[in-house]
Amino acid sequence: MSSSKRIAKELSDLGRDPPASCSAGPVGDDLYHWQASIMGPSDSPYAGGVFFLSIHFPTDYPFKPPKVNFTTKIYHPNINSSGNICLDILKDQWSPALTLSKVLLSICSLLTDANPDDPLVPEIAQIYKTDKAKYEATAKEWTKKYAV
């Protein structure tokens, strides 16, 4: 199956069975460039926020993972100021059996359960580990400022 057929199938599957609190689709006519949105999980400091992501599929998708970046600023130990996401399935744990829907759900999980032991932003990870209340307060503040 060509990458464009696979991406079109995932788009149709997403339309039929969208993951909870996520949406995604192509930007204009470009099947290889999508925009997604994730609602901040209610049990996280990101509750009430809507976070936008940019998704670029490589031409050899699904054999290579999509490039997914936050375009909304977010305070998180695994997401840096450029919107890069530290998530194993977007790197060495990628498998062609994974879909964009599963990727979005994994990113949602990351918002609820950060991984401070594999941080992209060590300073935030340190605050997360030593002063969780301060971390949550700052994350809520950023959510209000950038994602509401």
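Just so it is clear, glycine is given a Cβ too, placed from its N, Cα and C backbone atoms.
Swiss-Prot annotations:
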type	residues	note
DOMAIN	2-148	domain 'UBC core'
MOD_RES	S12	phosphoserine
ACT_SITE	C86	active site, glycyl thioester intermediate
CROSSLNK	K91	ubiquitin cross-link
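The CA atom of S12 (phosphoserine) is located 27 Å away from the CA atom of C86 (active site, glycyl thioester intermediate). With DSSP states grouped into helix (H, G, I), strand (E, B) and coil, the domain 'UBC core' (2-148) comes out at 54 helix, 31 strand, 62 coil. Listed in sequence order, N78, I79, N115, D118, P119, L120 are the same-chain residues six or more apart from C86 (active site, glycyl thioester intermediate) with CB atoms under 8 A from its CB. Around S12 (phosphoserine), a 10 Å sphere centred on its CB holds 10 further CB atoms from the protein chains shown.
For K91 (ubiquitin cross-link), applying a Cβ distance below 8 Å and a minimum sequence separation of six or more within one chain yields P65.
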